[in-house]
Amino acid sequence: MDLESVLEEIGEFGKYQQIKYYLLCIPVFFGAANSLSYVFTAGHQHYRCLIPECESTETAVFNAKWITHAIPGEIQLDGFFKIDHCNRYRYNDNASQMQSNKYGEICSIQSFLNETIRCDEFVFDHSGSFTILEEFKITCEENEWKLAFVGTAHFLGVIVGSLWMVLGDSIGRKITLIISTFFMSITGIIQALSTSYEMFVVSAFLNAIGISGIFPLAFVLGLEIVGKNKRGVAGIVCNYFYAIGVAVLGVIAWFYDHWVMLQLLISIPPMILFIYIWIVPESVRWLLSKKRNSEALHIIRKAAKCNGVELSDASVKMFIDQDACQFNSERNQRKEIFEALIKMITSKTMLIRIIILLYNFAINALVYFGLSLNSVTLSGNKYFNFILVSIVEIPGYYFGYIIIEKFGRVAGFTISMILCGITCILCGYADVVWIQIALFLIGKLGITCSFSIIYVHATEMMPTIIRSSCIGFFATMSRIGALFSPFAIFVEKYYKPLPYIIFGVLAIFGGIIYVYLPETLNRKLPNIVEESIALGSKTDEDECEVPLNHNRVENKNLNIRKSSVNETVIR
């Protein structure tokens with residue numbers, strides 16, 4: 001079935017495809033908002049020790065004027081006094097009595113000794129966000145891991161959620177997308193109604209399972225009805241919706257600072273997307289693969305009518321008359337895949353390339369999500385910083401697309417990673433707020449560019465017969481890297497710039513070793529392992545003939561080369 005010629009006939013990205021494609025971007029928008037909601041629902045909240053000698057639980061005010069006398073702390077870059085959350089100065093009863101008689105005050109600087117003690121009662125700051133930290137009393141250093149573990153539970157759920165793609169291949173892209181979206185919505189509501197920390201973590205894990213299926217399923221479903229020359233643009237638009245969804249999350253959190261309200265606002269609306277059962281079509285390619293040609297033809301006819309095109313008799317005939325091509329038996333296909341895997345892992349060249357790719361997939365995810373999570377710890381307004389860091393992804397995706405077409409995959413990735421690494425290190429030592437934020441944004445732009453490049457490049461280096469398996473393996477490694485991103489902030493207690501130094505050094509090293517990989521710009525996609533090995537060597541003949549039995553697969557995959565497949569799997 002030459003579906004590409006049919007799409008060219010009805011319009012590669014006509015009115016019909018545009019309407020359906022933008023509808024598919026809506027669940028991506030909500031999935032993006034849910035994917036990082038824990039940054040605010042399980043985020044840090046300011047609190048301090050209750051000073052019973054100076055206040056009561058009922059009358060306590062977080063920013064009392066005598067705080068600097070009673071609680072140790074330090075002045076931050078933005079001029080705010082950062083207090084110690086769980087320690088206070090010991091109260092001096094004798095000095096207090098003398099001070100009270102002389103000045104009528106009992107909480108002046110003379111009322112406290114230069115000796116710290118632990119406290120077990122707290123006053124929370126209600127001028128900012130209300131998070132699960134206060135809800136479930138997750139206070140002090142010994143409990144900080146609980147907040148970070150929410151992020152880890154999320155990424156564990158994302159790993160488990162990889163099974164959505166298997167289900168999508170079995171029962172269809174559309175129904176699987178609807179199920180995963182509904183599952184995300186229900187578990188998000190349960191998360192908002194949690195009555196304990198344990199319930200919140202379990203629901204966050206389940207919520208991530210639903211989220212992880214939305215982006216790849218919507219991405220694939222949208223691109224499979226778009227013509228080959230429009231897939232690059234379509235892919236970028238899908239990523240734009242993801243970035244905008246994350247940015248809107250920051251806006252909502254800014255205005256609705258209670259974690260329950262925030263979670264409900266991003267979880268309830270997606271429930272209405274069940275109407276996609278009637279308004280979004282199934283993937284034509286999937287229907288054809290399941291030999292449901294009459295259904296596929298019905299969708300193509302609707303698309304042609306909407307686009308103002310009359311479908312030719314020749315195209316209709318293609319759907320009705322199955323061509324008589326012979327395909328390998330399932331047993332032979334499994335044998336070929338197994339043999340290809342053996343050749344891959346026994347080739348020194350391919351093994352080194354795979355190791356370099358695995359490292360960079362893991363580091364990309366670690367730095368990407370590490371910077372997203374750390375954005376709320378920067379000096380200044382945490383909501384504004386989070387929104388900026390999210391919006392900067394939009395030019396990041398665009399620059400990534402331009403760079404790989406102009407300078408190539410290897411140079412583009414290396415430049416992006418080194419740029420990210422240098423700015424991360426400088427950000428750790430910046431002592432001016434606006435300079436720190438500017439460096440942070442440049443670093444996020446760099447890692448977004450590299451993320452958009454590595455999926456394309458890895459796809460072009462792997463042989464057709466095991467390409468999907470290889471990309472799935474690399475994506476799993478990226479999720480493992482993302483698992484550690486919530487804990488990166490803990491190293492700050494040992495040395496404040498250390499998280500940024502770690503991000504920077506790992507990124508620079510990844511960019512340097514990436515130059516070992518072959519350039520694939522304007523190269524034909526390798527069909528077999530030997531062609532993958534030959535990439536970048538003297539025997540790499542770009543104009544070589546493609547084996548006849550691979551023509552169908554080659555033609556299909558050449559169309560995917562420029563599509564923005566970044567984060568199709570990680571999200």
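Each Cβ is built from the backbone N, Cα and C atoms, and glycine gets one as well.
Any TrEMBL annotation is an automated prediction that lacks curation.
Note that the coordinates shown come from a computational prediction; the quantities given were computed from them, not determined experimentally.
If you look up TrEMBL, you'll see 21-40, 147-168, 175-193, 199-221, 233-256, 262-281, 351-371, 383-403, 410-431, 437-458, 470-491, 497-517 marked as transmembrane segment. The domain 'Major facilitator superfamily (MFS) profile' feature in TrEMBL is assigned to 106-522.
When the stretches 175-193, 233-256, 262-281, 497-517 are ranked by Cβ pairs under 8 Å to the transmembrane segment (351-371), first place goes to 497-517. Residues of the same chain lying 6 or more positions beyond the ends of the transmembrane segment (147-168) and with a Cβ under 8 Å from any Cβ of it are 35, 38, 42-44, 132-133, 138, 176-177, 179-180, 200-202, 204-213, 216-217, 220, 369, 373, 472, 475-476, 479-480, 482-483, 485-487, 489-490, 569-571. Within the same chain, the transmembrane segment (175-193) packs against the transmembrane segment (262-281): three or more Cβ pairs sit under 8 Å, each pair at least 6 residues apart. Tertiary neighbourhood of the transmembrane segment (383-403): same-chain residues 39, 232, 236, 239-240, 242-244, 246-247, 249-251, 253-254, 371-372, 375-376, 411-412, 415-416, 437, 440-441, 444-453, 562, 564, 566, selected by CB-CB distance under 8 Å and a gap of 6+ residues from either end. If one looks beyond the transmembrane segment (410-431) by at least 6 residues along the same chain, the residues whose Cβ comes under 8 Å of a Cβ in the stretch are 77, 360, 367, 371, 400, 403-404, 439-440, 442-447, 449-450, 453-454, 457, 496-501, 503-512, 514-515, 517-519. With a cut-off of 8 Å between Cβ atoms, the residues of this chain six or more beyond the transmembrane segment (262-281) that come close are 20, 23-24, 26-27, 30, 33-34, 37, 40-41, 174-175, 177-178, 181-182, 184-186, 188-189, 191-192, 221, 225, 249, 252-253, 256, 299, 302.
Within its own chain, the transmembrane segment (233-256) has Cβ neighbours under 8 Å at 13, 21, 24-26, 28-33, 35-37, 40, 129, 215, 218-219, 222-223, 226, 262, 265-266, 372, 383-384, 386-387, 390-391, 393-394, 397-398, 401, 452, 563-567, 571, counting only residues six or more beyond its boundaries. In the predicted model, the domain 'Major facilitator superfamily (MFS) profile' (106-522) shows an average pLDDT of 85.
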